[in-house]
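Chemist: Have a look at this one.
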Amino acid sequence: MEDDPTTRRRRSSALHTADRWPITPFNRLFAPIYLLAVLALLYRHVTNLLVPATTTLALLVADLVLAFMWATTQVFRMNPIRRREAVENLNDVVAEEGELPGVDVFICTADPYKEPPLGVVNTALSVMAYDYPRDRLAVYVSDDGGSALTLFAFVEAAKFAARWLPFCERNRVVERNPAVYFGSNRGHPVDGEVEEIKTMYESMKHKVEHVVEAGKVDDQFIDGPKEQEAFGKWSDKFTKHNHPTFIQVLLDSKNDKDVDGHVMPNLIYVSREKSSTSQHHFKAGALNVLLRVSATMTNQPIVLTLDCDMYSNDPATPRRAMCYLCDPKLGPENSAFVQFPQKYHGINENDIYAGEFQRLFQAMPMGADGLCGPHHVGTGCFFRRRAFFGSPSSPVAPEIPEVGPDHVVGGSVRSGSVLELAHRVAECGYENQTSWGSKIGYRYGSLVEDYYTGYRLHCEGWKSVFCCPQRPAFLGDAPISLADMLNQQKRWDIGLLEVAFSRFSTLTYGVRSSAGFLMGFGYCQNAFWPSWSIPVIVYSFLPQLALLNGLHIFPKATEPWFWLYPFLFLGAYAQDMLDFLLVGGTFQRWWNEQRIWTVRGLSCFLFGGFDFVLKSLGVSTKGFSLTSKVVDEEQRQRYEKGMFEFGVSSPIFLPMAMAALINLVSFGFGLGRVLTGGWWNVEGLVLQIVLSGFGVLNSVPIYEAMVVRRDPGKFPARGSFAAVVVSVVLCSLASVMFSF
């Protein structure tokens, strides 16, 4: 029987489709088989413990961690979903629901020297030029550094936007980041208007870069009394950690027009009050200030959060998000956010530092989408403002209604009463004795405020959706220095452990929350990320040291238990590789990804765990630091060639250098025994020799940096010497231990 016209119309107006991942049946079949092998391995360890041995205990602990992390991974393999949105149907469906919802965009920056203002400006311009009604778009820039340099950049951006936005619309420009548009070689039309716009952009770029280099805004660059008044509010006594609230409305959608006479989106600069005697909660605190300030000025129902270097790569992105946020089938009353994956430009051909995070930003979110939805990953996320104020069924009212999601803004963003209230809610003492950071807004208590906030929202009963269009919605910068990458992830590790061992632990609170057991257990995969350092360290050193002393710690090649180890190793690696390839990766990138996983286990996971313990004990550690977005050209060239960038002498490099040296020596020792006595002479050491060889293969870039290279990015001689000395000491201690 044919569908009636109403049913056909509704079906044709579907806002998105959801398909199951084709590999799901295989994952469900393979999981119990692999589980039996894991249980068999643990059984063998337990029976061997009847004869006390330090090596057996160490292997048991390492394999228990591996088993736990494998189990958390299976959560994301049981029901992954791939969604596709139908933007062409949005107007038909939304017309029945009312107008498109307004969007407040939050962009956070904190240091004009580590996060160049021109890059932040380009990010803002790319979202201001969205293919979306401008009167429903407001861009808020949070400058936690309180820098006049950043404000100047946005004053210039507001002028340039009046020409850039209509230019993008008339020419249907897709790359609406002007730096990317003018820097690409894709055959852009060359005419008078293009050249004129490019000249304007180069002029703005020159002014901004000159001001940043000079460290101040000279009078020659200040245009008119309004700008003079704005910059006159800055004082030499202002510092990054001590300055009053400063809010400047740069564009007002009700009054400002572009060169074609069309309205401009709101553009508002916000620098919250900072005091060295007050707690500011880093980025989470800045975002909560933006939530309150925006509530008093525009209070759009949707909030988009962006990192300052994560520019828009697709002008249709907000419409894609609305295909989920406006879809009645998803239950808007329970839908908290739509998360886009983090994608990066400028990554070298084989992604030597695994900066794409294919597993974290694509494979896992698709798996979580089959449960409560993906984790929040800090940027590229469209939130429903209401989600920050309590659970779907139990709203939490803020201290004043003007900062709540239901507040209706009465005046212009430039009106005195609106600005007065906006300044008040941005004061550093405003949150005292309120629920901000605990029950409403971004949640405090972890350096990874994104992960923690998304987790808490899921625990309250909210859902989320993963949107991964073919064209990346956003593109950002990934670290191209090994030290920068490891230090950034060490900061993540500390924040994740803060969640894991809090009263809202994923292992105790999460599994019993409204998110459900599986989702709560899946959150453990990230919360206990740093625990990977335990098996990585054990398997990078213990079998190798035992091999050097002629002691076998694995079954002999003639024993049935021997084949359990290749199955577990190859099964895990093959499934991981399959996941990686299916989300668009290549074999070479997967190989580099597994190599970097070992590097992380010997560096940022380990040091992040140490710092967390020290912080928990009240011992002061190095404070929060931004990842620099400034790129050295020579460093960039080495990165493009696929060379690891060491350069600086740092303790974080010591364990990986030691592992590289000890694996090389033990592998050579094992091969020597094979060549002199044949395989029958080493049948109990086969697995240890193979494991050492695998370690050597993964350490090739480290050997090159220590021995072959002479460029500034080589492994520092002092670091190499320290690694050799400590490795010799460790081998000596192992020889004494294994002699008993």
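Cβ atoms are placed via backbone N, Cα and C, with glycine included.
As annotated in TrEMBL:
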| type | residues | note |
| --- | --- | --- |
| TRANSMEM | 21-43 | transmembrane segment |
| TRANSMEM | 49-73 | transmembrane segment |
| BINDING | K114, E115, D144 | UDP-alpha-D-glucose binding site |
| ACT_SITE | D144 | active site |
| BINDING | K283, D307 | Mn(2+) binding site |
| ACT_SITE | D450 | active site |
| TRANSMEM | 563-584 | transmembrane segment |
| TRANSMEM | 596-614 | transmembrane segment |
| TRANSMEM | 646-665 | transmembrane segment |
| TRANSMEM | 685-703 | transmembrane segment |
| TRANSMEM | 715-738 | transmembrane segment |
Chemist: Near D144 (UDP-alpha-D-glucose binding site), which recorded positions out of K283, D307, D450 have their CA within 10 Å?
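Modeler: Checking Cα-Cα distances against D144 (UDP-alpha-D-glucose binding site), the recorded positions within 10 Å turn out to be K283.
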Chemist: Name the residues of the same chain, 6+ apart in sequence, whose Cβ is under 8 Å from the Cβ of K283 (Mn(2+) binding site)?
Modeler: C108, D144, E449
Chemist: Just jot down the residues in the same chain as D450 (active site), at least 6 apart in sequence, with C-beta under 8 A of its C-beta; none if empty.
Modeler: H376, V377, G378, T379, C381
Chemist: Please find, for K114, E115, D144 as listed binding UDP-alpha-D-glucose, the greatest distance between any two Cα atoms, in Å.
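Modeler: Max Cα-Cα spread across the UDP-alpha-D-glucose binders: 13 Å.
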Chemist: Determine, to the nearest whole angstrom, how far the Cα atom of K114 (UDP-alpha-D-glucose binding site) is from the Cα atom of D307 (Mn(2+) binding site).
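Modeler: Counting only the Cα atoms, the answer is 13 Å.
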Chemist: Enumerate same-chain residues with a sequence separation of six or more from D307 (Mn(2+) binding site) and a Cβ-Cβ distance below 8 A; give 'none' if the list is empty.
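Modeler: In sequence order, I107, C108, G378, T379, G476 meet the Cβ cut-off.
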Chemist: Within the same chain, where does the transmembrane segment (563-584) have neighbours whose Cβ lies under 8 angstroms from its own Cβ atoms, ignoring anything closer than 6 residues to its ends? I mean 6 or more beyond.
Modeler: 21, 23, 27, 30, 34, 37-38, 40-41, 44, 70, 77, 358-359, 362-363, 366, 554-555, 590, 593-594, 687
Chemist: Report, as numbers and ranges, every residue of the chain located at least six residues beyond the transmembrane segment (685-703) whose Cβ falls under 8 Å of a Cβ in that stretch; write 'none' if there are none.
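Modeler: For the transmembrane segment (685-703), the nonlocal Cβ contacts are 352, 539-540, 543-544, 546-547, 550, 552-557, 562, 565, 594-595, 598, 643-644, 656-657, 659-660, 663-664, 666-667, 670-671, 673-674, 679, 715.
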Chemist: May I ask for the residues of the chain that lie six or more residues beyond the transmembrane segment (21-43) and have a Cβ under 8 Å from a Cβ within it?
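Modeler: Apart from its flanks, the transmembrane segment (21-43) reaches 60, 63-64, 67, 70, 74, 77-82, 366, 564-565, 567-568, 571-572, 575, 578-579, 582.
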